[in-house]
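This report refers to the structure that appears directly beneath it.
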Amino acid sequence: MSSELLQEVPKSIEHVKHIILILSGKGGVGKSSVTTQVALTLVNKGFNVGVLDIDLTGPSLPRMFGVENKQVHQSTQGWVPVSVYNNNNNQGTDSKRGNLSLMSLGFLLGDRGNSVVWRGPKKTAMIKQFLKDVVWGSTETPLDYLLIDTPPGTSDEHIAIAEELRWANPIDGAIIVTTPQQVATADVRKEINFCKKVNFQILGIVENMSGFICPHCSECTNIFSSGGGKALSEQLNLTYLGNVPIDPQFVELVELQNEQENKKLIELYDDCELKPILNGIVDKILDKNLPSRI
């Protein structure tokens, strides 16, 4: 990497090895759920993971991770992301796990019901601040993966993050989340075109809500159509990372950790039917052996 380019890299991400965006062509496909589970899976594999939520008008990740009531703190280097899971405080059976931290506008709103009614320039400024002023990792403890959860479609937030990340190359690329229905896969094509225009590598497609896991017998039934994501991957010569069914148990685990402070989602997730499925998806990404940024 040239010295000129190094000068442009935000100091906040100079200790980040890998950057992955999670995108979706339309809303309601469960993108934030996939982001949450990819983060949990990487942490379970021993990686230190940070999650940046740039869905400014619908920041749901603080609740997904059970840290809605936490606050962002300021340090001499910048904003410190909220710690979701710190393995330094959980030795023993958890010693192989990594650490997990989160930054989201949800921590700054004060009330969960507060709405964000911002025009493009203010959104762009907020995303720049998130990327440049949040301290991700350190020389002693670098961040292995920074996952960036984006809003659906291609909006001001996407343009802003693409502009800011142009100095962060090489970033790993993007995971695109869709559902099996044609109305969702049609919008995925727009997201793919966006990635090509901004030179984001597409790591693969995840077909979410592909089937329904019965809470009584654990049998998976295709209540919707299935195979749309896989067919699109084959048609466009992209990696098909896998399909994730709807599992009511995962929703229950998210709510359980919010109701009981001593429960952490990463520990509850060990018994979730979706865990081996996400393991397979993450392994396909790891098998690409993408180069580290540092």
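Placed from the backbone N, Cα and C atoms, the Cβ positions cover glycine too.
Quick caveat, the model's predicted, so the values are computed rather than measured.
If you look up Swiss-Prot, you'll see Gly25, Lys26, Gly27, Gly28, Val29, Gly30, Lys31, Ser32 marked as ATP binding site, on the strength of sequence analysis. Secondary structure at Val29 (ATP binding site), taken from DSSP and collapsed to helix, strand or coil, is coil.
Residues or ranges marked as [4Fe-4S] cluster binding site in Swiss-Prot (evidence: sequence analysis): Cys214, Cys217. For Cys214 ([4Fe-4S] cluster binding site), the same-chain residues lying six or more positions away in sequence with a CB closer than 8 A to its CB are Cys220, Thr221.
For the binding-site residues shown (Gly25, Gly27, Gly30), fewest C-beta neighbours within 10 angstroms: Gly27. Considering other CB atoms within 10 Å as the measure, the emptiest surroundings among the binding-site residues Lys26, Lys31 are those of Lys26. Cα to Cα, Lys26 (ATP binding site) and Cys217 ([4Fe-4S] cluster binding site) are separated by 32 Å. Put simply, Gly30 (ATP binding site) is 23 Å from Cys217 ([4Fe-4S] cluster binding site) when counted between their Cα atoms. In sequence order, Pro152, Thr179 constitute the residues six or more apart from Gly28 (ATP binding site) in its chain with CB-CB distances below 8 Å. One way to see the shell of the ATP site is to take the Cβ centroid of Gly25, Lys26, Gly27, Gly28, Val29, Gly30, Lys31, Ser32; the remaining same-chain residues with a Cβ within 8 Å of it are Ser24, Pro152, Val177, Thr179, Ala184, Asn208.
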